[in-house]
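The structure appears below as structure tokens.
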Amino acid sequence: MSCRGVQKLLQGAGSGPAGWTRTPCCCRLRYGPCRARSGPGSGSGPGSGSGSMNVFNREMKRRQKNWAAVLQDGHQYDYLREEVGSRVADRVYDVARSFPLVLDLGGGKSYIAEHLSKEVVQRLVLTDVSQQALKLGRRSDIPTRSVVADEEFLPFRENSFHLVVSSLSLHWINDLPRVLSEIHRVLKPDGVFIGAMAGGDTLYELRCSLQLAQSEREGGFSPHVSPYTAVTDLGNLLGRARFNMLTVDVDDVQVHYPGIMELMTDLQGMGESNCAWNRRSMLHRDTMLAAAAVYKEMYGNPDGSVPATFQILYMIGWKPHESQAKPARRGSATVSFRDLAKVSRPDGADQS
Amino acid sequence: MSGSNVWSRSRERLRRFPELLAQCADEAAVYGKCVAATTTGKQELKKDVCAKEFEALKTCFTNAAKKKTR
């Protein structure tokens, strides 16, 4: 491969049994035993250690991103990343600080930096697996250095960044606990990680339509939409990576398309094609036709368009530092809960 | 890979999909309702549960495709 200068990695800290699984959750509709052909089980088996989770073909993902980056009219597919990038930048502004050195993980054509100013971010390091995306990236007035690097192998020294941001690239990671530990490692103490990834219910309409259509037409179904992390797992993951003061919130972005084919074309143009190992490379044309009909009927809007939901999970985590607030010591309370009633009755009418 | 090959030709054919489907909106709606009904009703979703409706949809679709071909 190219000389990316991958640094000697520290042994992953999370060597305990993985309590986190990625579920390609079957749609919660009653339709009896499904004989999945290359069933969703392969994507959700818990890894016995840090290194054995291999759900996605990272080489394929790099090729897909390279292909999407050099498309002639690729900018028309950027709407989702721009939206999420601007929301992540909002969260960066919420932190009342300026960051001398910032890392943008999986930034692609860089959708966050254009919303940030030089007062907040002094220098930016942009990484992505796709070299073409970095070459054709957008310019901003923040001095940027681009590094081709896989998110799972960050070639940076520990304690080097004040802020790490990541927008819509963590949902293609094989070993998410390890990546979060890596992010924790490269952050300076009292550094912050602000990330956005596609989660849980993303594209559930597409998944369910394909599932139903394929069950009816072919008698079984195989996963076509990649598995996502659930919201509930995210807090645990960040905690296990030893982040402090966690904030996780969910945003649903719903985009309306004329039909299922336009949706799939846009996903392909965004570089978000499926690259899981367990995907089937073929979609039978009968199934495509059936899925289009089912999608429109089950989820269609009155005006004929169909919605697609992108559930974006935003997370903020801090690397521990002495200056951060700690839970108070037991027994150090100065007021009692019994006084709570007095707070709500300011006239002192009733002393309980 | 440039010029006309099997992938670019099949992509071209696939690009006509939405407009052809638009001409068969009624059959598509009937098929969709049939499949949606299996998710809520007592009937379980098995292979070819809605085969009749799908045949109608597919015939309409192929006819539309034949008509538009030069």
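We number each residue from 1, going along the chain as drawn.
Each Cβ is built from the backbone N, Cα and C atoms, and glycine gets one as well.
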Query raised in the report: Given the ranges A:45-72, A:213-240, A:325-352, which one is assigned the annotation region 'Disordered' in TrEMBL?
Result: A:325-352
**Report entry** Helix, strand and coil residues within the domain 'Methyltransferase type 11' (A:103-194) as assigned by DSSP
**Finding:** 22 helix, 31 strand, 39 coil
Query raised in the report: What mean pLDDT score does the domain 'Methyltransferase type 11' (A:103-194) have in the model?
Result: 90
